[in-house]
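Note sheet for the following structure.
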Amino acid sequence: MKLSELKTSGHPLTLLCSFLYFDVSFMIWVMLGALGVYISQDFGLSPFEKGLVVAVPILSGSVFRIILGILTDRIGPKKTAVIGMLVTMIPLLWGTFGGRSLTELYAIGILLGVAGASFAVALPMASRWYPPHLQGLAMGIAGAGNSGTLFATLFGPRLAEQFGWHIVMGIALIPLLIVFILFVSMAKDSPAQPSPQPLKSYLHVFGQKETWFFCLLYSVTFGGFVGLSSFLSIFFVDQYQLSKIHAGDFVTLCVAAGSFFRPVGGLISDRVGGTKVLSVLFVIVALCMAGVSSLPSLSMVIVLLFVGMMGLGMGNGAVFQLVPQRFRKEIGMVTGIVGAAGGIGGFFLPNILGSLKQMTGTYAIGFITFSCIALLAFALVLAAGYYWRKSWSAESSPADV
């Protein structure tokens, strides 16, 4: 497989637009997490409330992913993406000119979930342009849009320090409008777009064991990635007494590892199979989170989180190398379901960390809990991988799995 095949086997401009749409949407989706230290200071939030505020957009994004996944299969990804970006402008405007109460903040967080649902649109849009042997790479490139978190964590605190967090939400409208114009102008739906089917025809995917295995795996990889991305600023400030800006810088470094290594996870999975890659990555993540639970020095915890986030990011790419091998026709719907599971995992992780900190007075218990969850995922991959390689259709060779 050569990278040049991406140019000849698909539509590079659509792949680029899918990445940009997901990138700017992801930046907006985690905005409350990037600004969480400022928001918690304004509202005087408890550790539990801090976790809840940054987790609300992640949970609502899970619900919206299913909705946008269905729309992607029925009206096409381009129209769905346009609708999603228009709706995303509402909470940004609300946060700029409102957001003066905790109730408003929760409502804004719910609407920001539409930005997180972009995942269920961008990945199928890219996937449908490319053949099976390029799925991991194409999906990994589009999925690398989760690097939008970098912009939120790097620039959000700096801008909030100068102008306040409300203005930062208004500033986020600028890149969204730019991407909106580029997307409308250049993105195209694949001619391989399946014809719309009755809604009931999609229900059978809920009865497939593979759907729920993918959900479990992605709730750990993506849930871990986005959950930590949203919560680490608070962790660094609370545990290591860093300034808000320095905390954001370290979060950016860790997020970069997960974001830019996602395509690598997809690329390696194309060559050796997604289950083999995941089995290694879950062990790495478990070891890193166990190390973080000891609350070592700042330099050591950054190394552990960097490697752990890299493993989670590669795991995201590996999971979505597997999805098209099993669900080619229903990829929009399945992407929405699996993406929703990832969002649910991302909702629970900040709440686990915040709640256990409030209950025990330490973050150690929360991180060791996440380490145990990663080990459970490792066991699931080992159990499922052999069965998948034997039972999936001839369209996917054992090496693809």
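Every residue gets a Cβ built from N, Cα and C, even glycine.
Source: prediction; values computed, not measured.
Residues or ranges marked as transmembrane segment by Swiss-Prot: 19-39, 51-71, 79-99, 105-125, 136-156, 167-187, 217-237, 277-297, 300-320, 333-353, 364-384.
Between the transmembrane segment (105-125) and the transmembrane segment (217-237), fewer than three CB pairs separated by 6 or more residues in sequence fall under 8 Å, so the two stretches do not touch. Within the same chain, the transmembrane segment (333-353) packs against the transmembrane segment (217-237): three or more Cβ pairs sit under 8 Å, each pair at least 6 residues apart.
Taking Cβ pairs closer than 8 Å, the transmembrane segment (217-237) reaches residues 30, 32-34, 36-37, 40, 50-51, 54-55, 58, 146, 149, 153, 157, 243-244, 246-248, 250-251, 254-255, 258, 278, 281-282, 285, 305, 308-309, 312-313, 315-316, 318-319, 338-339, 341-350, 353-354, 363, 370, 373-374, 377, 380-381 in its own chain, all 6 or more past its ends. Sequence-distant residue pairs (6 or more apart) of the transmembrane segment (19-39) and the transmembrane segment (364-384) include fewer than 3 whose Cβ atoms are under 8 Å, leaving the two stretches without contact. Highest Cβ contact count with the transmembrane segment (364-384) among the listed stretches 51-71, 167-187, 277-297 falls to 277-297 (criterion: pairs under 8 Å).
Long-range contacts of the transmembrane segment (79-99) within the same chain, counting only residues at least 6 positions beyond its ends with a Cβ under 8 Å from a Cβ of the stretch, are 21, 25, 28, 31, 68, 71-72, 105, 107-109, 111-112, 114-115, 117-118, 121-122, 125, 166-167, 169-170, 172-173, 176, 179-180, 183-184, 187. Distant neighbours of the transmembrane segment (51-71): 29-33, 36, 39-40, 45, 79-80, 83-84, 105-106, 109-121, 124, 199, 202, 226-227, 230-231, 234, 332-337, 339-344, 346-355; these residues of the same chain sit at least 6 beyond its ends, with a Cβ under 8 Å from one of its Cβ atoms.
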